[in-house]
């Protein structure tokens, strides 16, 4: 677990050699890291990005009266 913490710190601080810290880590953890980074990189190109750009005023605004033509 400490290897993963060291790896994360080296990624955040832009230090080189971060891939060498994962040498003794199990394949399942490495797969988890790769899949997590893939989701993180693909997120801006999906519709899920609208979660962050939603208009929050929508929840606090007054009701809108809708009238139909008859």
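Including glycine, each Cβ sits where the backbone N, Cα and C put it.
Record features, source TrEMBL:
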- 32, 50: heme b binding site (BINDING)
- 1-69: domain 'NarG-like' (DOMAIN)
- 29-52: transmembrane segment (TRANSMEM)
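Cβ-based neighbour count (10 Å, all protein chains) for residue 32 (heme b binding site) stands at 13. Counting Cβ atoms from all protein chains shown, residue 50 (heme b binding site) has 8 others lying within 10 Å of its own Cβ.
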